[in-house]
Amino acid sequence: MEQITEEQKQAISKKNIFIFELLGTFFLVYISVCSQNEAYQVALGLFGCMLVFGRLSGGHFNPAITLAMALGGGIPYGTMFFYFLPQFLGAFGGAALSFLLLNMDKAPYIEDEPIKELAASLFGEMIGSTIFLIFTLICFVKETSLSQNRIATLVILSCIYYACREYTITSSNSLLNPAAALSLTVFDCLAKNWDQMINMWIYVGGPIGAAILATMFYSQLYHSVTHRK
């Protein structure tokens with residue numbers, strides 16, 4: 001048998017990341033639409049996607065998770081592109097399929113409201129995303145993992161995701177996922193009008209800002225305290 005070089009191993013790894021992040025994000029977005037974006041059903045979908053595809057790609061399916069993992073040292077910065085691209089492609093594929101087959105979508109949307117209401121929506125989005133990303137970092141980074149059992153870790157993250165969506169965000173169909181939010185809204189705009197995009201910054205900027213906050217908390221507080229010499 002021909003021996004595989006280190007370069008070939010890295011190429012295979014990046015290929016796996018691309019393929020399985022695309023598939024996982026695709027199914028996650030499609031499941032969210034099929035389930036009418038019910039929090040517990042989406043959480044079950046996330047659990048299934050992480051269980052099936054996570055072992056091969058890391059199971060991010062969300063640009064905010066990838067950003068937090070890179071900032072927190074969980075993955076090399078050089079691999080971020082191999083996560084971002086398939087995540088957005090998979091999200092758009094899932095949104096397109098749900099739009100074409102089901103003629104329905106559950107895009108995150110909030111009317112153009114007073115600044116107080118918009119600020120509340122952004123705050124809720126950031127709080128929910130920050131909590132979920134903190135637990136993601138804790139569970140995914142080996143040094144701080146809450147359990148050595150993979151199934152237990154996935155159950156913990158799925159439950160946290162459910163709680164964050166159910167209790168901390170607005171009723172705007174957000175998945176705490178910039179790729180999912182953008183893709184679903186684009187297809188919603190194609191069916192209706194582009195005014196739907198007016199507050200997309202909340203659902204893209206909220207999780208991105210949350211990734212920075214979660215990384216700061218994890219790196220500066222949680223990790224330093226739990227691994228203090």
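Glycine is no exception: its Cβ is also placed from the backbone N, Cα and C atoms.
Sequence annotations record features per position, and here TrEMBL assigns transmembrane segment to 16-33, 39-56, 77-102, 122-141, 200-219.
Distant neighbours of the transmembrane segment (200-219): 62-65, 67-68, 71-73, 108, 110, 118, 121-122, 125-130, 133-134, 136-138, 141, 144, 172, 174, 176-178, 181-182, 185; these residues of the same chain sit at least 6 beyond its ends, with a Cβ under 8 Å from one of its Cβ atoms. Within its own chain, the transmembrane segment (77-102) is flanked in space by residues 14, 17-19, 21-30, 33-34, 57-58, 60-63, 66-67, 70, 177, 179-180, 182-184, 186-187, 190-191, which lie at least six positions past its ends and keep a Cβ under 8 Å from the stretch.
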